[in-house]
Amino acid sequence: MRFFKIMKFIFPIVILTFIGILLRIPGMDRPVTSDSASMLLMHFPNSWDDLLLNYTDINQRTLYIFLAKISMTIFGETEFWFRFPAFLAGVFSLPLAYKVGMNITGSRIGAWVGTALLTFSSTHLLHTRVGRGYSLTVFFALAMVFIAYKLLDEKNFKLWLLLFLLAGLGMILIVPSNVHFLVGIGVFYLIAVLRKSDKIIAAWGRFLKL
């Protein structure tokens, strides 16, 4: 019986993810233009170490270039595979949004609504097709919020801390200005820890008064 209750909420997320895939495939093979073309022409020829150690302009989305290079090396140099990392990030963001929604609201319905909004978001659909790393930023942002809640649980703390640091590094390698989000999530974690500590101290105080 419990299985069916869980599936009643999980099944819509699976459906939304499938719909998200279908919505994000059209346009994947269109010509690369505008800033994406600038990134392709200016930075793809650069070596791996040059990309990692030198940041020259806002069109250098280092992590996305790494992933797109790997994708195109394995599957072929086409527009579809150039955008494939953005596509994957956009799709995986959907179930991750559900998990984050559950952590924040504590409500399956609230998490489902949040996932639905992201699934049909025209901005997110556009960024999935552009291929510049914006959908990766969304994915890593959701991942860091999810990991922050895992760190607060204090189970497998070292593993989650490592994943948190890697996700943070990934965000910076997409766009260095993403460091502002890292500061924000750090402040959130610190406040959550302090509130948790206050509750523990208050509980001990009540215990000692008994």
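Placed from the backbone N, Cα and C atoms, the Cβ positions cover glycine too.
Features of the protein shown, as given by TrEMBL:
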DOMAIN    65-193  domain 'Glycosyltransferase RgtA/B/C/D-like'
TRANSMEM  80-97  transmembrane segment
TRANSMEM  109-127  transmembrane segment
TRANSMEM  133-152  transmembrane segment
TRANSMEM  181-197  transmembrane segment
For the transmembrane segment (80-97), which partner among 109-127, 133-152, 181-197 gives the most CB pairs under 8 Å?
133-152
Same-chain residues at least 6 beyond the ends of the transmembrane segment (181-197) with CB under 8 Å of its CB atoms are 141, 144-145, 148, 151-152, 168, 171-172
Please work out the helix, strand and coil residue numbers for the domain 'Glycosyltransferase RgtA/B/C/D-like' (65-193) from the DSSP assignment.
115 helix, 0 strand, 14 coil
